[in-house]
Amino acid sequence: MSVFDHPEFDKHEHVAFCHDEASGLKAIIAIHNTNLGPSLGGCRMWPYLNSAEALTDVLRLSKGMTYKAAMANLKQGGGKSVIIGDPRKHKTEDMMKAMGRFVESLNGRYITAEDSGISVENLQAMATQSSHIAGTSAQYNALGETPTGNPAPSTAYGVFVGLKATVQHVLKSDLNGVKVAIQGMGHVGYRLAKQLHAEGAKLYVADIYPEGLAKAEAELGATIVAPEEILTLPLDVIAPCAMGSSINDESLPDIQAKIIAGAANNQLARESLGTALKEKGIVYAPDYVINAGGIIDIYHQKLDDSSDDAMRAHIAKIGETLVEVYERAEAENRATNLVANQIAEERFTTQG
Ligand code: NAD
């Protein structure tokens, strides 16, 4: 298949196919755009069925990182890498080192970090070969926890400030008494719930496993709801914090909340559902804007002169960015996800 004619190619600057015979590494590194700075994006290891599937994934993901970085006010571009193979069966230290050498060969135009199938330990192996590996150690934490390198606290703080700004914009209210349904009580969902509870929000929570739910009920007074009902409740906000595509043709007709603001990636099963939400009068916080706390965290962990407060202040700007999106969407009578895409494009095509 020709890379230039690929449906997901979309003006990628550089796509590198990497093979290391000794370790068996087969990887693709995609750099979408570096107008704002070196490209940043995680390395994913996945048992792709073939190289075509891996190429489609890496191109789509690296483009997404350009948009995310631009909306997060980072002087970074978008890139991503994928390793073809089953992380449980095929991953070796030599393979990770070989990956590090390929990252190094791009001279800093691509900085890698963690994604599915890749651990901090794997990144540390890559870092023996390259100085362009992020997420190998952590110095700062947005929620006062001990820094571990897990960006979930920063993601949860970003979703919290974004949700709060959206409630203020749409309902003209603070969070006291606002009813929020959270789908997924995992790393991000629980931390979001905790912050919302501290500001008086009334919580409804669902998960497919009981641990997070029991904690939210006992510690935050949350009401436990069945997973199949969580998106349909008649309340103010739903926060998808589980898997992607939760807003789809099946769930859309039953959504009664006025706001959707959560952490999950790719919440809309297809882009045009953003317009369908607008037509229903539901304000949607574009996922890659509101969940950018994690990438902002990775960016700050690389800086020697940052701090917990500087990282928090940067993440807090997610609220302002969302209001910019909402105001423009209202003025142009367009869906928020489309307006976010346009603002991102304006930022990464006109700034240098
Ligand atoms: P996680 O795995 O810790 O939590 C997800 C939770 O959702 C789990 O408890 C899981 O049991 C639950 N779940 C799965 N299917 C469900 C269903 N049908 N109904 C209800 N609950 C369900 O993951 P996380 O780190 O908290 O991330 C949550 C989401 O946010 C993911 O979509 C992730 O891609 C996205 N995200 C996370 C980060 C981060 O920093 N962790 C950054 C950006 C985006």
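Using N, Cα and C of the backbone, Cβ positions are placed for all residues, glycine too.
Annotations in TrEMBL come from automatic prediction, not curation.
Now, the feature entries from TrEMBL:
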type	residues	note
ACT_SITE	LYS80	active site, proton donor/acceptor
BINDING	GLY184, MET185, GLY186, HIS187, VAL188, GLY189	NAD(+) binding site
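Structure with TrEMBL features highlighted.
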residue: LYS80; record: active site, proton donor/acceptor; Cβ within 10 Å: 29
residue: GLY184; record: NAD(+) binding site; Cβ within 10 Å: 26
residue: MET185; record: NAD(+) binding site; Cβ within 10 Å: 29
residue: GLY186; record: NAD(+) binding site; Cβ within 10 Å: 16
residue: HIS187; record: NAD(+) binding site; Cβ within 10 Å: 17
residue: VAL188; record: NAD(+) binding site; Cβ within 10 Å: 29
residue: GLY189; record: NAD(+) binding site; Cβ within 10 Å: 27
Report task. Please check each of the recorded positions LYS80, GLY184, GLY186, HIS187, VAL188 and report the ones with a CB atom less than 6 Å from an atom of ligand 1, ordered along the sequence. Result -> GLY184, GLY186, HIS187, VAL188
Query raised in the report: Is the residue listed as 'active site, proton donor/acceptor' helix, strand or coil when read with DSSP?
Result: strand
Requested in this report: Please classify the secondary structure at VAL188 (NAD(+) binding site) using three-state DSSP.
Outcome: helix
**Report entry** Listed in sequence order, residues not in GLY184, MET185, GLY186, HIS187, VAL188, GLY189 with Cβ within 8 Å of the centre of the NAD(+) site Cβ atoms
**Finding:** ALA152, ILE182, TYR190, ARG191, LEU192, ASP207, GLY212, CYS241, ALA242, ALA263
